[in-house]
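Engineer: So that we are looking at the same thing, I have put the structure below in structure tokens.
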């Protein structure tokens, strides 16, 4: 690929980023877009603001960059939880390691590659991207020691940074366990595959079992019921309640008569009637309708078992309950908001079949995806395909069109195809029978990661080699050499993919185009002036694989084609600002995994380092440099030893709870007299059908902000400059608050009478 095609792709994506970021800095200031760009703030703070007109609302400004940059890690931890902090530390690690890599490779490796052979160089924009790769070195070059030394520096820096990050995040995870408020999940064990006895119910069987074998520690239990119909009715009722909150009081609730379209007779037009009191809502209902929840519920062979202490629950979750591993299966329960209730109805004996089926489905989808990837590679290799298809020569004569097709279009098409991957992988993860939403998202993250690395990296290399008529892997021994030949040829495509999937995707992420269109459409269709929105949760399952993919591309191209490194570094810097802004303002934390994403990041980074070393080993062999090859083999072994050390030193903390920590927490609660109060709350928090709204007592609960309770002065009595000052202060969102975890919310302005608009107050009084 020519440098001109790369510059064309870079120019298009830079223009897109500038336009979208400028639009965002303006649209975020418009009151109609609060629910799009400040969803988390609105849920947490409930701030009310007037809408004065001042010119700064329509002028792009970088103020959001400063606010995102100034927020400390402790504030992020309090506001968004441990997963958000871990994700941002992944971005920080990427910035640090690729800053070191870019300095080393741009300063030393790139000049060696560029002047590797005596030749007359063209102007930079007319050069081929392969001139800047290691392919430009002649065989037996004495300058290959520079690449070997750079490889040692990159690997050493990466392992050192990984060690310190792993140690820090392990401490954060222990602090997440000990420093937060008491969690019901620490006292609770999820029991599945309860055996069936015709003489007694599942509840009686479970009670007898745990009373017999855990008499000193067993407290109580809560059965899981098969009540999908009831849950759907409750969900529909909740959505209807949210809709009725925004009914305009001008709408008459009295029945009126209009002629029927078919018979001409009078028909009533009102679709609902506001009842005078709650008692009227149940008047006239049959006795059987009121007891529907008790008659339709059926016990399932699963239950939440509560223990007196955290240590007792830990022991019960770790041991094998009976000689049959398929019965009385025990696991530590997820948090109440994290429970995936639908999968608790799945019989445990089906889970292994489901996992095999989802694995087969995911692999089959990977092979189906070969078709679009091969087509995309064909677009990047038009010059080679023109020999077999002469009609393509006419396209190649038009320089700008050729640059757009070969430099920009392939990465855009690949991204469009990739939009179908996350929903499908999330569906596969749900079919596996995950007991919690965080486990499902983590499983989807791993599937998307494998899928992305396979299709973007390996399939592109494989299909590009076929189109270029290179020898495909004939044996395992030839893999390093074949990778070494193929990776430099794809350096241009990987760079354009960084532009499109990196820079442009971040601009779209902060712009939130789908949410913006949905918000404007909902207001236009329903004629609803009050804000109504559905809060979002951070898409870790899509963003972490993207981050790791760019890390893989950066490592594998570092000593082979280092031209990609400055563009990757720009992506990581932009990602740091954008993701901090989104976590602070848009996304809420309903549930989290407690830092479980970091082992995925660590293991994938180690894989990227080893793959880089194998590719470099193959290239040193192709260039007949026995010294560089000899020094690379010990580096691979040292990297594997470092990975094994981290696996034994830090990884168990992310999979098991330390008994010492739990026992200390139990003793502290007993001395403070909190145990009885905790035991009383256990049964209600895991209620499958809550009878009343319960406030969250987790660490992520919203704190009271200054804007939530203060009475703002009358807008009409204020002077223009005073209105502007108040508006600017409120637009700043200076309060530090954390977020209450809810799935679907209406704006806080409608949550209580004191925060209602005058029209809503009138409607509230009618009710």
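The backbone N, Cα and C atoms fix where each Cβ goes, and this holds for glycine too.
Since this is a predicted model, take the numbers as computed values, not measurements.
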Engineer: If you check TrEMBL, which stretch out of 356-380, 481-505, 506-530 is marked transmembrane segment?
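Structural biologist: Checked against TrEMBL: transmembrane segment maps to 356-380.
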Engineer: Any idea which of 55-76, 121-142, 143-164, 165-186 is down as transmembrane segment in TrEMBL?
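Structural biologist: In TrEMBL, the transmembrane segment feature sits at 143-164.
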Engineer: Looking at the candidate ranges 97-116, 197-216, report the one that TrEMBL labels transmembrane segment.
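Structural biologist: Per TrEMBL, the stretch marked transmembrane segment is 97-116.
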Engineer: In TrEMBL, which of 448-467, 648-667, 668-687 is labelled transmembrane segment?
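Structural biologist: That would be 448-467, the stretch labelled transmembrane segment in TrEMBL.
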Engineer: Among 534-555, 600-621, 688-709, find the range that TrEMBL records as transmembrane segment.
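Structural biologist: Of 534-555, 600-621, 688-709, TrEMBL gives transmembrane segment for 600-621.
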Engineer: Within the same chain, where does the transmembrane segment (627-646) have neighbours whose Cβ lies under 8 angstroms from its own Cβ atoms, ignoring anything closer than 6 residues to its ends? I mean 6 or more beyond.
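Structural biologist: Counting only partners 6 or more residues beyond its ends, the transmembrane segment (627-646) has Cβ contacts under 8 Å with 144-145, 147-148, 151-152, 155, 159, 162-163, 166, 602-603, 606, 609-610, 613-614, 616-617, 620-621.
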